[in-house]
Ligand SMILES: [Zn+2]
């Protein structure tokens, strides 16, 4: 399952970043997913939720942004969106000399740590010291 291995890799990366950041929770993870990466966003969201269980990411929200695939013709320099299924013939000169510029990326674009709950330092419940009445010696 392609999406599961991606989800696990994302969780792994975020976990590694969470430790040095001292994060205790993750609110939101944003991914850039190229349209040619072969990822089904719904399947990824499902796998992500499973992969997060029991980690610092538990309950984190995932959003994915689709990055359109673009190619450049090495013959004439034309740049076009390849679409899906990818069109790799140059619309300018008709050559099959496409160089893929984008569309295969799979990267974490943003991680938002969960805000730490503002817990005031617990006040010590020491027995109230009974002040000795001043002046009575
Ligand atoms: Zn061309």
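For all residues, glycine too, the Cβ spot is worked out from N, Cα and C.
So that you can see what the record holds, here are the features copied from TrEMBL:
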type: BINDING; residues: 2; note: Ni(2+) binding site
type: BINDING; residues: 73, 76, 90, 93; note: Zn(2+) binding site
type: REGION; residues: 115-137; note: region 'Disordered'
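Same-chain residues that are not part of 73, 76, 90, 93 yet have a Cβ within 8 Å of the Cβ center of the Zn(2+) site turn out to be 74, 75, 77, 78, 91, 92, 94, 95, 97. Put plainly, the binding-site residues 2, 76, 90, 93 were compared by Cβ crowding within 10 Å, and the winner is 90. Sequence-distant neighbours of residue 73 (Zn(2+) binding site): residues of the same chain at least 6 apart with a C-beta under 8 Å from its C-beta are 79, 90, 92, 93, 95, 97, 98, 99. In the three-state DSSP assignment, the secondary structure recorded for residue 93 (Zn(2+) binding site) is coil. Cα spacing between residue 76 (Zn(2+) binding site) and residue 2 (Ni(2+) binding site): 36 Å, rounded to the nearest whole number.
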